[in-house]
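Accompanying notes for the structure given below.
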Amino acid sequence: MPTESVAVEDLTIDDAATELARLAKEVAHHDALYHGKDQPEISDADYDALKRRNDAIEARFPALIREDSPSRRVGAAPSVTFAPVVHARPMLSLDNTFSQEDVQDFVASVYRFLGRLPDQSIAFTAEPKIDGLSMSIRYENGRLVTAATRGDGTTGENVTANIRTIKEIPKELPRGVPAVVEVRGEVYMAKSDFMALNKQMEAEGKQTYVNPRNTAAGSLRQLDAKVTASRKLKFFAYAWGEMSDMPADTQFDTVQLFKDWGFPVNPLMKRLNSVADILAHYDDIGLKRPDLDYDIDGVVYKVDSLELQQRLGFRSRSPRWATAHKFPAEQAFTTVEKIEIQVGRTGALTPVARLTPVTVGGVVVTNATLHNEDYIKGLGNSGEPIRDEEHDIRIGDTVIVQRAGDVIPQVLDVVMEKRPADAAPYEFPKRCPVCGSHAVRERNEKTGKLDSVTRCTGGFVCRAQATEHLKHFVSRNAFDIEGLGSKQIDFFFESEEEALRIRTAPDIFTLERRQQNSLTKLENIEGFGKVSVGKLYAAINERRSIALHRFIYALGIRHVGETTAKLLARSYGTYETFAAAMKEAAPLSGDAWNDLNAIEGIGEIVARAIVEFYKEPRNVEVISALLSEVTPQEAERPVTSDSPVSGKTVVFTGSLEKFTRDEAKAKAESLGAKVAGSVSKKTDIVVAGPGAGSKLDKARELGVQTMDEDEWLALIRG
Ligand code: IVH
């Protein structure tokens with residue numbers, strides 16, 4: 001039996017020596033990947049398991065502890081590109097705890113070490129463990145002089161120029177701070193910034209990043225600080241190195257002083273007095289975790305009193321006064337049982353991996369999206385490799401899945417060593433699995449490249465496309481019909497009864513009439529009942545008059561989302577004008593076509609999709625039937641010519657007191673303005689209510705015009 005599968009208690013001394021050698025090599029390998037290349041190969045949990053096994057064997061055979069044991073090292077040796085910085089005080093690591101019992105043991109060991117009785121209460125701080133990179137920032141006489149990464153704990157890398165680009169980190173401290181101050185904390189990338197960056201990479205056809213931590217690490221290791229500056233890194237201060245003078249005598253108060261000095265500190269840090277309170281805070285932080293805009297992987301507990309910290313001191317690589325209570329890992333290994341194809345409203349075939357259920361970060365994951373044919377092959381949107389050596393995904397493969405926040409789980413990589421001998425490359429279907437029509441990848445006319453999406457050509461014939469269309473039609477931003485959810489649509493669609501069937505949108509509005517003459521009563525069908533049927537009819541009838549943009553959006557024209565629908569409604573005013581213009585634009589030339597393309601925010605691809613939609617007689621037929629049931633209202637036309645804000649991009653921020661956000665948006669749009677969610681160089685006006693923060697700051701920074709609610713009202717009233 002290989003030594004690695006033998007329980008620690010059963011190891012002979014020879015086995016133990018072999019095992020420790022293996023573990024030293026393996027941990028060093030993963031350290032190098034993690035710290036040096038920012039490309040981890042195994043999950044954090046598995047890495048921790050290796051280290052724990054090493055610790056357990058060493059505890060049993062202390063004589064075998066190796067010079068190069070992972071227990072003697074912190075992180076990896078610094079990489080060569082940056083100048084080395086020897087830390088004035090070593091940057092230590094934290095011991096990990098994984099269970100409530102571990103935490104109780106930690107607290108008990110602190111009491112024991114200090115010779116305290118349980119009734120002589122010791123306070124602890126508890127705060128999130130930020131999943132970023134630790135940084136030591138040194139200030140002399142109030143000025144930032146050096147910033148260094150942890151490196152091997154003794155020597156780090158000098159990344160001062162890069163750290164200076166981080167807005168959140170003060171370059172100067174207020175008067176009166178100690179002459180030497182070394183603030184330590186975590187540099188990280190916000191989840192939202194990470195997603196935005198990846199979106200941009202995707203739009204540019206570049207390879208996307210794996211997670212915020214690696215991206216932050218990569219961003220810091222840039223030799224060109226301009227690249228770092230473009231990456232929006234952030235910082236939380238939570239510790240310190242050398243201090244010529246200690247400004248407070250507890251952990252909590254020192255960190256609060258850091259806040260006064262201008263450092264961001266984590267708002268979830270608390271000072272607590274009992275194990276029960278500590279564990280309750282751990283649970284609370286765990287619950288908040290999905291909503292935080294940064295990744296955390298546990299909660300750090302520290303003895304609050306600095307005097308007691310001093311007394312407790314350090315073991316070889318970690319303090320005795322602190323521990324990290326880790327969350328269950330958010331990556332896991334599992335196997336691909338099947339690959340299924342889902343067919344969407346526009347006919348797109350999306351492959352989904354059905355996985356052997358696995359818990360990832362406390363949530364059971366059974367599916368992961370595989371996006372498209374190329375993704376399964378290991379290729380990105382521009383044909384670039386997205387996995388090591390273009391690993392493709394096959395049924396039967398063992399894969400690493402990751403769940404980041406609320407995002408749909410992703411397959412990170414394939415464990416090639418575990419691929420079954422008979423696993424064949426996945427053959428992407430050539431026909432729609434629902435209706436059997438041909439499924440094709442269109443070629444982009446301009447670039448000549450194949451589109452990444454494979455589409456069913458069945459159109460209305462395809463049950464999947466038809467039901468997805470209906471589900472879109474009744475969805476919240478379209479017709480918003482309460483009581484008609486996905487389940488009900490499937491039921492009505494499949495129904496064989498003429499008086500119950502809903503196959504197209506107009507059928508929704510004729511249902512009540514058809515029911516009146518029928519013997520098969522909806523209220524007698526399980527899951528409906530008299531009251532809910534009454535409510536359903538009321539909900540349907542309420543939508544017989546509908547805003548034009550909702551009507552257009554509900555049609556489900558490819559590429560026409562809510563914003564485009566609003567642009568169309570605003571430009572054409574009435575449905576009749578719009579439909580007539582689309583018909584006229586059919587040759588893809590002439591005035592009507594040019595007018596459509598001239599609408600700001602509508603590009604050629606979108607314009608073409610709309611015109612093509614109206615060329616399909618079946619679409620026109622369904623809409624005509626729909627129009628005998630439903631009346632789209634005339635859109636409020638912008639008073640474009642004499643509105644002082646027409647064509648301007650406006651951002652509302654802060655808590656608005658004079659109007660609701662929706663109201664402000666609608667009004668601005670009706671005056672021909674575009675309302676945006678974030679401030680950029682393209683913003684013309686920022687309207688700030690009380691409590692406005694970063695958006696207002698950004699506007700000022702960019703020299704964008706800012707005003708309060710009253711000034712805005714005065715402006716639009718002329
Ligand atoms: S305290 C001597 N507090 O976790 C102890 N560390 O595994 C100094 N980390 O190297 C560290 N959040 O990079 C501390 N709130 C927090 C933390 C934190 C993240 C990181 C830090 C450290 C590693 C230890």
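Here, residue 1 is simply the first one shown, and the rest follow in order.
Heads up, the Cβ atoms here are built off N, Cα and C, so glycines get one too.
In TrEMBL this protein carries:
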BINDING   ASP44, ALA45, ASP46, TYR47, ASP48, SER93, LEU94, GLU127, ARG150, GLU186, LYS302, LYS326  NAD(+) binding site
ACT_SITE  LYS129  active site, N6-AMP-lysine intermediate
BINDING   CYS432, CYS435, CYS462  Zn(2+) binding site
DOMAIN    640-713  domain 'BRCT'
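Reported as a whole number, the C-alpha separation between LYS302 (NAD(+) binding site) and CYS462 (Zn(2+) binding site) equals 61 Å. Taking the centre of the Cβ atoms of CYS432, CYS435, CYS462 as the Zn(2+) site, the nearby residues of that chain (Cβ within 8 Å, site residues left out) are VAL343, GLY347, PRO433, VAL434, GLY436, SER437, CYS456, GLY458, VAL461, ARG463, ALA464, GLN465. Taking a Cβ cut-off of under 6 Å from any atom of ligand 1, the recorded positions ASP44, LEU94, LYS129, CYS432, CYS435 reduce to LEU94, LYS129.
Using a 10 angstroms CA-CA radius around CYS432 (Zn(2+) binding site), none of the recorded positions in ASP44, ASP46, LEU94, LYS129, ARG150 qualify.
Every protein chain considered, the tally of other Cβ atoms within 10 Å of the Cβ of CYS432 (Zn(2+) binding site) stands at 24. Across the structure, CYS435 (Zn(2+) binding site) and LEU94 (NAD(+) binding site) are spaced 57 Å apart at their Cα atoms. In the predicted model, the domain 'BRCT' (640-713) shows an average pLDDT of 86. A Cα-Cα distance of 14 Å separates ASP44 (NAD(+) binding site) from the residue listed as 'active site, N6-AMP-lysine intermediate'. Long-range Cβ neighbours of LEU94 (NAD(+) binding site) (same chain, at least 6 residues apart, Cβ-Cβ under 8 Å): LYS129, VAL300, SER318, PRO319, ALA322, THR323, ALA324. LYS129 (active site, N6-AMP-lysine intermediate) falls within a strand segment according to DSSP.
When every Cα pair among ASP44, ALA45, ASP46, TYR47, ASP48, SER93, LEU94, GLU127, ARG150, GLU186, LYS302, LYS326 is compared, the largest distance found for this NAD(+) site is 25 Å. Taken residue by residue with DSSP, ASP46 (NAD(+) binding site) is part of a helix. Cα of ARG150 (NAD(+) binding site) to Cα of CYS462 (Zn(2+) binding site): a span of 58 Å. Straight-line distance linking the Cα atoms of CYS462 (Zn(2+) binding site) and ASP48 (NAD(+) binding site), rounded to a whole number, equals 50 Å. Residue counts of the domain 'BRCT' (640-713) by helix, strand and coil are 24 helix, 15 strand, 35 coil (DSSP-based). Within the same chain, the residues at least 6 positions away from ASP48 (NAD(+) binding site) whose Cβ sits under 8 Å from its Cβ are ASN96, PHE98, LYS326, listed in sequence order.
Around CYS435 (Zn(2+) binding site), a 10 Å sphere centred on its CB holds 20 further CB atoms from the protein chains shown.
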